[in-house]
Amino acid sequence: GGEEEDLSYLTDIGPAAEHEFEEYSFLGLSNRKFTWAAAQLHILFASFILGCPMFVVIMEVMGARRTQGVRKAIILSNVFLGVLIGVVIGITGEIIIGIHHGVLYGMWACAFGALFVSFLNYFHKLMGLRGSAIVGALAGTIIAMPLTPVEHYETSGIILAIVNGAIGGLLSNGIMFAKSDYKFERLSHEITKVIGICYSFTALSGGLFLFVMLVAYKDFITYLIQSFPMLFMVAYPTLFIVETIVMYIYVYSWDPLNKANKKGRHIVTGVILNILGLSLLVALDGPATFMQAPPKPLDELLNIGEWSKIANAVWMPLNYHRLVGNGTFGGYMVCIIGAYMYLWSDKKEEREYYDWVGYIGNIIGVAIMIPLPAMGYIFVREIYQYDATIGMYIMSDRESMFMLVQGLLVGTMFSASNIYMWVSMKRIENAERFFPAMKFGFILIVISAAIWFTPRRFFATMMPEPGMNADMVLPDNLAFLALMVSKNTAAFCLVTVTFINYIFYTIATKTGKVAYGKINPLGPYVLIFLGFSDIWLMSWMGTIRELSRMNWHIYKVFKDVTPEKFAPSLAESGFHVTAIVWTFFVLMTAIIWIGIKYPKTKKKETESPVASPQMAE
């Protein structure tokens, strides 16, 4: 027969096929650390622009006059808030009580309870709180039950739905008929200015991360993108572009829509922005969790669809954790904004206002931080169920000392939040009646925090290695402090005492006059410390999660064969994380100054001088 036709020209890319490149390193820096820094900066900026808008919209609602358009928009914002609160309460009930599909019961009941009550409130019906709670509970439960896929209904699930429906109804009534306060409008507008600047830094750091990955880990990033073609080619670009457009509309339409008396449209834009942001968050959590827990069996990985890779074992737990974590992060960043502006202000009225901003930021941060340990527990539990080797590596092996630092940070943050509440209550009339109970609570907090971060042993591996002191273990009579029973009890105590102090704090502000602007000088610095600690904690937990894959880019699928595949030491990791956090902290300080402080200074300089009377000629 004839010779076969040479078709190599169809696949021959030319001389480039013979080119081999040396591994590039910028200024001799570690490629791994360069990638680490770019990724962490991107995540921190992204957490801010995703966390803050969740409550910025609610604050905008609280500051808006209750026009017809605003009341229509409140229906949508109440449903959005109901979804968020229902998910958090539902998943907490699912873990603590063991309610099957608790997150669905909570989400549907709270959202539909909020919807029904808001709709009736719009027509000035059902104006009482008791009636709103009852209707919310009934409507939410009736709708949640058929929407929750269970074989038979359990009493605990029905009770959870009733509670969430009632909460949705109460919140909707309270927000719909709340008296507008311009301070909320001003606060939400100022934070939005900061969000607008941070959005650019999020995109820049994200681009830096991608380019670094393409150079340092080109084979891996190619594999990861090819594993999620629809996500990276269609879903992510579309969500990012649409969110960018909506975000800039939200930022720059604030004053025009206010002047046109169309505040309701602006609030709706804010809710849409939040929905897009959360969609982007859960979409990108797919590849992140795929790297940690690829679906089993691994030999069938090429035969499963893209959705199965996204909806892996730890995808939803990480979504819950990041939802709550970003909200906490946003609240404590508001604390930093309030503290900075309080210290930078010289007018009495400004100091009073920014003292109030710090108070609001702490209220948000503490309220959202309370369920955060439960979200972390859910995430780690799913990791153990997926592969106990990863869980053991985190809790008992190479990362055990990393977790000790995490426990120390968590305990410190809970302690600092309670200290701020204590200091803040000293400027509230009649708040001293709560001080004896709070003093006892501080003792419990210190003891609980100490138990939380007490390890069984102080060497960083399952078994002591050469150079490690094998005697660095707790004595047998104190070994119970390292058991999970003790840890869970300590965590419960930390959360409970903080929650009780939070209730005391709320009652004090509602029943006594608050002397804003006269807070103890320690107060603003505690807020800055809280914000900095939260930034550090987020960065540290990201480090723990990434290192838990050991020497794998994708656990047991794509091995890391670079010279830097080893787990860095605690000191090296701590130094690198601290450098990243200080970089972000300095950038955020500059952004806050540019976004809020500088315009005030410029306005002050350009104000026309008042004409003084002149002698007639």
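Just so it is clear, glycine is given a Cβ too, placed from its N, Cα and C backbone atoms.
Because the structure is a prediction, the values reported are computed rather than measured.
Database features (TrEMBL):
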type     : residues : note
TRANSMEM : 34-58    : transmembrane segment
TRANSMEM : 79-99    : transmembrane segment
TRANSMEM : 105-124  : transmembrane segment
TRANSMEM : 131-150  : transmembrane segment
TRANSMEM : 197-217  : transmembrane segment
TRANSMEM : 229-252  : transmembrane segment
TRANSMEM : 264-284  : transmembrane segment
TRANSMEM : 356-380  : transmembrane segment
TRANSMEM : 434-453  : transmembrane segment
TRANSMEM : 478-504  : transmembrane segment
TRANSMEM : 525-542  : transmembrane segment
TRANSMEM : 575-596  : transmembrane segment
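Counting Cβ pairs closer than 8 Å and at least 6 residues apart in sequence, the transmembrane segment (478-504) and the transmembrane segment (356-380) reach three or more and so form a contact. Taking residue pairs at least 6 apart in sequence, the transmembrane segment (434-453) and the transmembrane segment (575-596) share fewer than three C-beta contacts under 8 angstroms. The transmembrane segment (356-380) makes contact with the transmembrane segment (79-99): 3 or more of their CB pairs lie within 8 A, with pairs spaced 6 or more apart in sequence.
Between the transmembrane segment (197-217) and the transmembrane segment (79-99) there are fewer than 3 Cβ pairs closer than 8 Å, counting only residues 6 or more apart in sequence, so the two stretches are not in contact.
Most Cβ pairs under 8 A with the transmembrane segment (105-124) among the ranges 34-58, 79-99, 525-542 are made by 79-99.
Counting Cβ pairs under 8 Å to the transmembrane segment (79-99), the stretch among 34-58, 434-453, 525-542 with the most such contacts is 34-58.
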